[in-house]
Every structure is written in C-alpha cells, then in structure tokens.
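Notes follow once the structure below has been shown.
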Amino acid sequence: MNIIIQKFGGTSVATKELREKVAKKVILSKQEGKIPVVVVSAIGRSGDPYATDTLIGLANHAFKEQSSRELDMIMACGEIISAVIMANTIKATGYDAVALTGFQAGIITDEYHGDAEVTRVDCEPILSLLKEGKIPVVTGFQGATLTGDITTLGRGGSDTTAALLGEALEADVVEIYTDVDGVMTADPRLVPEAKVIDTICYDEIYQMAEDGAKVVHPRAVEIARRGNITLKIKNTFSDAPGTIINGKIGSKGNSYRSGNEGDLLTAIAHKNGITQFTVFFNGDSVEESERFMNELTDNHISIDLINFFTDRKVFTVEEKNVEKLEQILNKLEYKFQVAKDCSKITAIGHKIRGVPGVMARIVKALAGQGVKILQSSDSHTTISCLVSRKDMEKAVNALHQEFNLSR
Ligand code: ADP
Ligand code: MG
C-alpha cells in the first residue's frame with residue numbers, strides 16, 4: 001500500500017517553526033504518492049514544559065514514592081500533547097490529520113509499567129483512517145494493557161512505536177527524524193569530525209545502540225530486523241540523505257561504510273553512568289554463585305562486562321541499580337568494592353573478528369592519552385573498555401582517531 005512511517009523526536013517538534021517544517025515533510029511524502037503515518041515524541045528536552053523529564057519531576061514533586069502505573073499515565077501525556085499539536089499543524093495546511101494515543105492506535109502491551117513489551121498491534125484504527133485519506137499522528141512511547149491501563153515502552157520508546165507500526169502495517173520504510181544527519185562514526189557532540197555512515201546493517205547499529213549510541217533505540221532495530229524493514233535515520237533540520245539501515249552486509253562481509261569497505265571499525269560508542277562491582281567470595285561454591293545470580297534475576301538487575309574468577313566476580317551495572325545491589329550484597333554478607341562514575345567505550349565493526357592486534361592498538365591509543373582501562377571485554381564484533389567517566393571524551397576521540405574513522 002506504499003505506507004511510510006515518519007517518526008519525529010523531541011527536538012524536531014520543539015517549536016512552531018519546526019513543527020511547520022515537520023508538517024511540510026509529511027505533506028511532501030503524501031504529494032509523492034506515499035501514505036504517511038506519523039509518530040511523535042514529547043515536545044522538547046529535559047527542562048522544557050511538556051518534556052517527559054519535566055512531567056516525571058512534576059509527579060515526584062507531589063509524591064516521591066510514585067507508583068509505576070501513575071508514572072506511566074503522566075509520562076504518556078507528553079506524547080499526547082505533542083500528537084494533538086502536530087495534527088493541528090498538519091490540518092492548518094489543508095490536509096486532514098487525526099491524533100491517536102497508543103491505545104487508540106491499537107498498541108497493546110503487557111503490564112510491565114515503565115518498560116512494557118508490545119504484545120499485539122491492531123492495525124484496524126489506523127487503516128480505516130488511511131482509507132478516508134486522513135493522516136494518523138500517533139503518540140510514540142506508549143500503549144495500553146488489555147484492560148486499558150496506559151503503559152510506556154521505556155525511554156527512547158518512540159523509535160520502538162515507529163518500528164512496530166512499520167512491521168504491522170507492512171510499511172515500505174520507517175523514517176526516524178532527529179537532530180543529526182544520520183548514524184555517525186561517534187556521537188558528534190563529543191567528536192566534531194565524526195562522519196555520517198551511509199549504510200549500516202542491523203547487527204552493527206543494534207550493537208551501537210545497545211552500547212550507548214542514542215540515535216536509535218535497540219528495540220526498534222530488533223523489530224526492523226524481525227520484519228526485514230528498512231529504517232532511515234534523517235535530519236529534520238536539513239535535507240541530508242541520512243543513513244539507511246537494512247540487512248545487507250557488504251559484499252566482502254566487511255564492515256561496509258560505503259566508500260570505505262576496507263575499514264576495520266565502523267564506529268565508537270560510549271555509555272555513561274556505569275558502576276563497577278568487585279565481589280569477594282570465601283571459597284566460591286556453586287550454591288553460593290547460584291544464590292547470588294538468582295538474587296540478581298529476582299531484582300531485575302542485569303550485569304555487564306562480566307569477569308568471574310574463583311575468589312571474586314567483577315562486573316558492571318547501570319547507576320539506577322547500584323543501591324539495590326548494595327543492599328543485596330550486604331544481606332548476603334559478601335565483601336565488595338565499588339567504582340562509581342565509569343563509562344564504557346565500545347569499538348564496533350564486523351571485521352574485528354579474527355584480526356590480530358586490534359586490542360593492542362586500542363590499549364596503545366588509550367595509554368597515549370593517559371587513559372587507564374579498568375576492565376575490558378570483547379565479542380565477535382565489539383571490543384569494550386571500561387574507563388573513568390572523566391576520561392570518556394578523551395578515550396572516544398583517541399579511538400576514533402586511531403582507527404581513522406573521520407576519513
Ligand atoms: P530524538 O529526540 O530525536 O530521539 P536522541 O537524542 O534520542 O534524539 O538521539 C539523537 C542524538 O543521539 C544526537 O543528538 C547525538 O548527540 C546522539 N548520538 C549518540 N551517538 C550517535 C551516533 N553514533 N550517531 C549519531 N548520533 C549519535
Ligand atoms: Mg531518541
């Protein structure tokens with residue numbers, strides 16, 4: 001049916017002028033014979049009156065022990081406001097648009113408030129609007145349980161909404177509009193010479209997103225891969241061609257930034273707010289390990305950068321889990337050390353596999369900048385180093401330069 005999903009992030013809908021720009025992009029695709037379905041995030045960034053963080057602050061201000069059900073209700077308001085304003089902006093141009101909440105758009109989730117999983121998408125509401133020639137403007141980041149409780153899909157979840165609608169409506173493409181020219185070789189806020197990547201495969205962008213590249217949500221990539229849908233990351237503020245994300249691996253099976261087929265690495269990602277734990281065991285028994293791992297599972301704490309030794313376990317957790325983990329360790333009477341304020345720097349590339357000397361180059365490049373590696377790990381396509389938060393920017397730039405990513 002030639003459906004195109006067009007998702008616009010918070011900064012893209014932040015002002016009247018920008019919303020008019022967004023409306024123009026939507027109408028242009030309609031004029032080109034495509035059938036647009038729009039998804040919007042809440043207006044603006046932290047500090048702006050209707051941004052998600054502002055709404056959370058408002059709820060917490062009234063009552064600190066927020067229930068996750070009510071928190072989801074207030075968070076969902078940001079996207080509802082945004083969808084109404086955006087639909088009105090489109091209508092002002094003479095095209096008919098209709099704002100829909102996640103629930104009205106047929107997005108059904110489980111009951112896990114704050115990080116709900118979508119279990120079903122009923123396409124009927126959107127399809128009937130499309131049949132009438134109307135442009136649906138759907139709230140990102142939210143759905144509802146079967147009993148009608150509003151749920152949210154986790155931060156950055158509007159990308160997930162866009163990918164899900166793309167899959168359910170069998171869209172030709174899902175366009176994700178943001179404030180940069182596409183997926184870049186590193187966060188351009190840290191590395192001014194970072195370059196746009198023309199084409200990237202699901203695996204690599206998934207890894208980048210998991211390891212902190214905020215430009216697209218990992219779940220959205222997962223859904224696109226599952227449905228074999230092309231994602232495009234584009235800039236609302238420019239006409240740059242953007243980045244195409246699909247399943248194609250370069251002809252040589254390499255990392256394949258177009259024009260740079262021989263490149264060893266594709267990108268450097270970073271993630272802040274990481275805490276490293278070293279837990280000491282007295283003669284580590286299987287039961288003891290099991291008890292510890294079960295506690296982590298029961299408390300929804302996922303651990304990363306895991307190195308287990310007979311007398312100690314070293315791993316990292318996200319900042320939000322530190323307090324809970326400390327309570328667990330105290331309860332189990334384990335001795336432990338904590339290193340807060342760390343960052344994880346990850347080098348990503350298909351070609352890393354089997355190429356000797358990559359780690360040696362990373363160690364040398366970081367040492368050259370006086371950056372200490374606190375821990376490291378690797379997979380087929382990644383090498384990650386844990387560094388102190390204060391060294392993060394230096395480390396990302398050093399690796400970006402070492403592997404010539406600005407070429
Ligand atoms: P939106 O509100 O549109 O969803 P986000 O803030 O979630 O926007 O994502 C866009 C931001 O992602 C950019 O402003 C950029 O600073 C950051 N970013 C981090 N890593 C990368 C990368 N590798 N390529 C592009 N942008 C990145
Ligand atoms: Mg985002």
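Cβ atoms here come from the backbone N, Cα and C positions, even for glycine.
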Note: TrEMBL has LYS7, PHE8, GLY9, GLY10, THR178, ASP179, LYS214, VAL215 binding ATP, and from ARG189, ARG225 that site also includes ARG189
When the binding-site residues LYS7, ARG189 are compared by other Cβ atoms within 10 Å, fewest goes to ARG189
DSSP assigns the residues of the domain 'CASTOR ACT' (338-401) as 27 helix, 22 strand, 15 coil
DSSP, reduced to three states, assigns THR178 (ATP binding site) to strand
